[in-house]
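These notes are about the structure you will find just below.
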Amino acid sequence: MKILIEKDYETMSLRAAEITAAEIKKRRRLVLGLATGSTPLGMYRKWIELVKSGQLSFAEVTTFNLDEYLGLPADHPQSYHSFMQEQLFRHIDVKPDHTHIPNGVTPDAVKQCKEYERLIHQAGGIDIQILGIGQNGHIGFNEPGEDFGALTHVVRLQESTRKANARFFSRLEDVPTHAITMGLKSIMNARQVLLLAAGSDKSDAVYKAMYGEVTEQLPASVLQLHPNCIFILDEAAVSNLPIDLTSGRWEMAK
Ligand SMILES: O=P(O)(O)OC[C@H]1O[C@](O)(CO)[C@@H](O)[C@@H]1O
């Protein structure tokens, strides 16, 4: 695992955008695993700037999103379909049929999960998987206790996650109770994983993910076993690490 520490959210986002944009420019036909949540938004904004200034193209990129709420149609304002359209897809030149997000209103969720994995496989697998992290160490919607061996599947959301995401809904009762998520094995199958985290409220989860026991109780800890994983963090997200951050940019190998 490689750990990159930047001063703040802006510089963390820029670093993540630089790393991913370099790969997209080099290989063009890249398969990206994308995340929602507030953390990757800064990186998405940098990608949009690069596309608008003609320095980056997603024309040959294929994307697979990690998750979607069960029960929300694509056009629901809080669906992850809407989120991705609004925050990224409509601003860049990605081909709409190259973008994939689980369908939240499928009549047969189990069948759809299998189909999602088949599509990822058919695309050649995910080259770079972007992740945020929840305060309880969840990645995607894989909550504590999820099986490390799971592929895309239906999950019940923990109350803490529903509460954390209630800020996007009018009331807590409106936050769906279930979601479809790529599983921890789907994430581990990616050739490279970039986990982004900013802010002191993530520092406990980040620390445990990097240095704690590898346990299903802290889903992100499975990334310690990934052969090509980079944590891109801001200083606040590592405020509990025993290191002196005064000397600027940090890189560590673990
Ligand atoms: O980036 P945020 O908004 O802190 O969210 C952290 C994580 O929580 C989720 O939004 C799910 O609750 C994930 O998609 C995300 O990685």
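Cβ atoms are placed via backbone N, Cα and C, with glycine included.
Worth saying up front: this structure is predicted, and the values here are computed from it rather than measured.
The active site, proton acceptor feature in TrEMBL is assigned to Asp67 (among others). The Cβ neighbour count for Asp67 (active site, proton acceptor), using a 10 Å radius and every protein chain shown, is 22.
In the three-state DSSP scheme, Asn136 (active site, for ring-opening step) falls into the coil class. Per TrEMBL, active site, for ring-opening step is recorded for Asn136 (among others).
Counting every protein chain shown, the Cβ of His138 (active site, proton acceptor) has 25 other Cβ atoms within 10 Å. Annotated active site, proton acceptor per TrEMBL: His138 (among others), in sequence order.
Glu143 (active site, for ring-opening step) carries neither a helix nor a strand DSSP state and counts as coil. Residues annotated as active site, for ring-opening step in TrEMBL: Glu143 (among others).
The annotation domain 'Glucosamine/galactosamine-6-phosphate isomerase' is assigned in TrEMBL to 14-224.
Each of the active-site residues Asn136, Glu143 was scored by the other Cβ atoms within 10 Å of its Cβ; the lowest score goes to Asn136.
A straight line from the CA of Asp67 (active site, proton acceptor) to the CA of Glu143 (active site, for ring-opening step) spans 13 Å.
According to DSSP, Asp67 (active site, proton acceptor) sits within a strand segment.
Counting in whole angstrom, Asn136 (active site, for ring-opening step) lies 8 from Glu143 (active site, for ring-opening step) by their C-alpha atoms.
Mean per-residue pLDDT, taken over the domain 'Glucosamine/galactosamine-6-phosphate isomerase' (14-224), amounts to 97.
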